[in-house]
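S.K.: In case it's useful when we look at the structure, here is the feature table from Swiss-Prot:
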- D317: active site, proton acceptor (ACT_SITE)
- 54-175: domain 'RGS' (DOMAIN)
- 191-453: domain 'Protein kinase' (DOMAIN)
- 454-521: domain 'AGC-kinase C-terminal' (DOMAIN)
- S670: phosphoserine (MOD_RES)
- 1-190: region 'N-terminal' (REGION)
- 454-689: region 'C-terminal' (REGION)
- D3: site 'Required for receptor phosphorylation' (SITE)
- L4: site 'Required for receptor phosphorylation' (SITE)
- D10: site 'Required for receptor phosphorylation' (SITE)
Amino acid sequence: MADLEAVLADVSYLMAMEKSKATPAARASKKILLPEPSIRSVMQKYLEDRGEVTFEKIFSQKLGYLLFRDFCLKHLEEAKPLVEFYEEIKKYEKLETEEERLVCSREIFDTYIMKELLACSHPFSKSAIEHVQGHLVKKQVPPDLFQPYIEEICQNLRGDVFQKFIESDKFTRFCQWKNVELNIHLTMNDFSVHRIIGRGGFGEVYGCRKADTGKMYAMKCLDKKRIKMKQGETLALNERIMLSLVSTGDCPFIVCMSYAFHTPDKLSFILDLMNGGDLHYHLSQHGVFSEADMRFYAAEIILGLEHMHNRFVVYRDLKPANILLDEHGHVRISDLGLACDFSKKKPHASVGTHGYMAPEVLQKGVAYDSSADWFSLGCMLFKLLRGHSPFRQHKTKDKHEIDRMTLTMAVELPDSFSPELRSLLEGLLQRDVNRRLGCLGRGAQEVKESPFFRSLDWQMVFLQKYPPPLIPPRGEVNAADAFDIGSFDEEDTKGIKLLDSDQELYRNFPLTISERWQQEVAETVFDTINAETDRLEARKKTKNKQLGHEEDYALGKDCIMHGYMSKMGNPFLTQWQRRYFYLFPNRLEWRGEGEAPQSLLTMEEIQSVEETQIKERKCLLLKIRGGKQFVLQCDSDPELVQWKKELRDAYREAQQLVQRVPKMKNKPRSPVVELSKVPLIQRGSANGL
């Protein structure tokens, strides 16, 4: 029966993988719902306050770029050629061979440069033209040939074109998507969890599918009780920090994190899913690798290490078991549990795996940095070629002996190694850090310039264009059987109690890596959700032509901000009523649907604006004269933050104004006033609304 369950788990997992690759959006079991377009009023202020409404910030985001491009291509004739030129350059930069770049560069030059020059309408500098012409005459076509044009295209787009985008519906859509992104609160219900694919000291790793996009991931779940039992809180939190540091920027050679979240019992990392097994497993199955095959793995690992080191992260646990293969055979560095940030302070702890640890790591109290990883790389490459670490002769398991040999033994390289390979390994395995390859001031560049890699084009390595020496078998789960992986003994943690102080440690644990979420959405449901939302909004616009739009009331007035919130609706404070609010310098107005009367609360009636919590949801509490309270709830975190800020600012400024004006005797009045207003259907420019 157990065997049957294992087979069914494998089949279910493989089917999910195949469907996710083909049509991930079709596998989505939840729908992303974009907020109302009126969210723009709040989100624009929220983003502006954080310096996010700039050309550079929006153009560099995946969804921002897609919406900006769409606006230019469909609605702005003068910007269309610039965006098309930009896209052709980006395609050129990704070409694999010099021959392809030569053909493509000529086409780009003829279409976007020469044609414009002949028409005397080329809006670019003479230096940019000369730069490209000079290279093409010599048949030199580096990937960055058109970089001067990229800079000038962006310069031309960031002025009036960008301002028109900000005023358009496409920016409204950007605000809608950013609101969704900034309000992500993941739980286990947001994933379909499949079979277990691995286990570590604190928890397990599962294959899973994200419900709203259909994308497959690996879910690494750490048990909070087990962490507490082993006093591993610092390690768990450190892994989350290290993953957040390396998971930005384009690096296909590290198992990166897209999300982190936690439940009362577990810490969860949502990571890139790697289906091809690890190099330790393949070394045991395949046998040792040739120099050519090892070169392939070494090159991709070097680029992974370079990405980490550029972010001042030293990995500290480089070994074949931590190098995972994807379904095509390309590799990624996994498990950053021992990684360390050395930007402010160099580490000196002796951590890692014996047989791969650098001498300076083994010497207690000695500080080190990325130097440790280059020594470990030398050890690992030796193992791929010979089947054992250079310091683990005759399969000894004595850790002290392995460490002693690492500190004292001169590594003897076999005569069968090529001179180029010997040079590389001798450089990496130098005990003296000041003489070690990769530690002489230029980092990874020194290693990449080794004669052993002379035949490689590093741009081709980065683009993963070299054929992998080993392709994992398709239609198989390249992981141990679920029953072989086993499970933890629950008795171990039976006596462990999680206190409020334990949970407080993980208060800031949840995280969404913005660029990875945007990439996931762009690859899966972006077009579908946009099309559906466009249809919905078009229907609402037709319907609202008779009633008018909520936003219309704010036009031509000194309205600071407007949007939907929910307020407590009766004296017993038990029911929420959704209303549309308008914040003015001296008052807060709101209304219901259709022709419901407009209500008003003046700033002079407010005594304070505070944040409170009702049923675990953050709310705004407005204390009003006479001991009354006014409670407001927002649909998202950014809205709550911005409404709180703007209400407090308006209240503070109103208070300062009152203090400057001589006091007048007023009759007591009701704090909330109901306005008899013209129904929205009758509003127009004639009455200034």
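Glycine too: its Cβ is placed from the backbone N, Cα and C atoms.
On a predicted model such as this, the values are computed, not experimentally measured, just so you know.
Describe the structural context of these features.
M.R.: The number of other Cβ atoms within 10 Å of the Cβ belonging to D317 (active site, proton acceptor), over all protein chains shown, comes to 22.
Note on the region 'C-terminal' (454-689): mean pLDDT across this stretch is 81.
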S.K.: Using DSSP and three states only, what is D317 (active site, proton acceptor)?
M.R.: coil
S.K.: DSSP helix, strand and coil counts for the domain 'RGS' (54-175)?
M.R.: 91 helix, 0 strand, 31 coil
